[in-house]
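Visitor: After the structure tokens below, expect a handful of questions from me.
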Amino acid sequence: MRSTAGILLLLSSALLSSAQVAPQCSVPNEVQSARLVRGYPPTMKFNIGDRVYYRCREGFTPKDGKPFVVCNDGAWSKLTLQCEKKSCSYAGDLQNGELIYEGNSYLGEKAYAKCKKGYTLKGSDFLLCTESGWVGKFPSCEEGEATCSAPVVANSTQRADAASVYQVGDRISFSCNRGFQLEGSNEITCATNGQWQPKPPRCVQKVERTQPQTKQTNGDCGAPLPPPIGSNAYLVDKYAMKTSFSSGNKVYYSCNVGYTPKAGSRGRKCKNGEWTKLRLECERKLCGHAGEIENGHFDYTGVKFGDTATAKCDEGYILVGRATRNCLSQGWDGRIPVCEVAVCDEPTKTNAIRKGPTEPPYRYRSVIQYRCQTGMLDGPRQIYCTSDGTWSAFPPQCKEFTCTPPDIPYAYWMGSHREKFNAMDVISVECDRGYSIQGPTSISCSREGQWIPSLPRCIPDRRSQY
């Protein structure tokens, strides 16, 4: 009896000793494209056979492999989960142009819009790939190349053939009239957005520091000083080069470009060696009303030389023509634009079922609704034609969402062990020996890619703690 008991005691001690020295695993490391599903204390240990689950990081999606590692003899098995960067699908067709994609359409990358020759880009020149798909108003290419209106630079001379409209790439050089100096670049170029680059310069009146000429004993006069700053007048060129005038001689002044005489005499007279006072007053020329726009109006900075009138269409109408008219010395430049009713092009076709108008014209505020025969909508349930003739969003697509294997510590499930579960798949969950389940024993993969009603927990049996 004693020998048998001794043998049993030795065997028990040996088994206990071997169990105590069984190698354990420390908390595994995270990887570049995946992270641990849950957080673990740094000092936590795992026994042989324990599993730890990973999940792809934000901006990545599962491609292949199993989402867990297993503790085996103090070391973790190799993680086979492969995560690839999320990307956006095809952004759509740009009529009369193309979208040039940056890279592989990964999150944060852009698709740039480029119009064919003879067309002008309207709207944003790029779309941005985000978690929810491409964002930004879809651009359009309108017939007609971008043009620049004639720049207004008072008191200057253009070194180019004057025109009311300039094409992209056209250049204009400026020089200021006598008595004025240039502020800014002397050359500007018509850019693809219909704006001058850099901004047109200014010609400002020179500040003469010349002292008044002393009275000559013979009654003659020297060259007259420039008119006061702000008078907007200049000495007529034929008098500008003379340095001496006899008593009784007269000189004449004119108003600067864009200005017209308001009051006072244009002349000054040399009298007893001194010039009489210049009394000419110049005021900006008046352009008046820029015209009537049906279904729109003009916003004015003023109606005099140098002012602008900007056309604005009523809501639901789109401007056709050049928006801005400039008040020049000869009147308003350009033509009165037109406001046409806004219509949207055919929206990009997807695998979702449409409800609403089925063929163009799609007028302002037209609404198209979408639903799925199978799967879930990835995108808005409806889109509408906006006031600028573009759709409010990209049409949605129907996608089948899947669930990753549930991460329930100390649990296993009955049924197939797959990397992904489809919507409506059901699995039964059971706990390891020594643990009891708390929560539902059966869970289902929803169409939203979530396990429902909720994941259960496996908690230690009370009796196993004694």
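Using N, Cα and C of the backbone, Cβ positions are placed for all residues, glycine too.
Please treat TrEMBL annotations as automatic predictions, because they have not gone through curation.
The shown structure was predicted, so the numbers you read here are calculated from the model rather than taken from an experiment.
The annotation signal peptide is assigned in TrEMBL to 1-19. Residues annotated as domain 'Sushi' in TrEMBL: 23-85, 86-143, 146-205, 219-284, 285-341, 342-400, 401-460. Annotation source TrEMBL lists disulfide bond at C56-C83, C176-C203, C255-C282, C431-C458.
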Visitor: Go through 219-284, 285-341, 342-400, 401-460 and flag the stretch with the largest number of C-beta pairs under 8 Å relative to the domain 'Sushi' (86-143).
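Guide: Maximum Cβ contact count belongs to 342-400.
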Visitor: Which stretch from 146-205, 285-341, 401-460 shares the most C-beta pairs under 8 Å with the domain 'Sushi' (23-85)?
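Guide: By Cβ pairs under 8 Å, 401-460 leads among 146-205, 285-341, 401-460.
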Visitor: Rank aside, I only need the closest one: which of the disulfide-bonded residues C56, C176, C203, C255 has its C-alpha nearest to that of C431 (disulfide bond)?
Guide: C56
Visitor: Going along the chain, which residues six or more apart from C83 (disulfide bond) have their CB under 8 A from its CB?
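Guide: Those within reach of C83 (disulfide bond), by Cβ under 8 Å and sequence separation of 6 or more, are S33, A34, C56, R57, F60, T61, P62, K63.
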Visitor: CA-CA, which of the disulfide-bonded residues C176, C203, C255, C282 lies nearest C458 (disulfide bond)?
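Guide: Nearest candidate: C203.
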Visitor: So, three-state DSSP: helix, strand or coil for C203 (disulfide bond)?
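Guide: DSSP call for C203 (disulfide bond): strand.
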Visitor: I'm checking region-level scores; what's the whole-number mean pLDDT for the domain 'Sushi' (401-460)?
Guide: 86
Visitor: Given a separation of at least six residues and a C-beta threshold under 8 Å, show me what packs close to C176 (disulfide bond) in the same chain.
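Guide: Listed in sequence order: N155, S156, T157, L182, C203.
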Visitor: Write out how many residues of the domain 'Sushi' (401-460) are helix, how many strand and how many coil, based on DSSP.
Guide: 0 helix, 28 strand, 32 coil
Visitor: Would you count the other CB atoms within 10 A of the CB of C255 (disulfide bond), including those on all shown protein chains?
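Guide: Looking across every protein chain shown, the total is 21.
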Visitor: Quick check on the domain 'Sushi' (342-400): DSSP residue counts for helix, strand, coil, in that order please.
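Guide: Breakdown, helix to coil: 0 helix, 23 strand, 36 coil.
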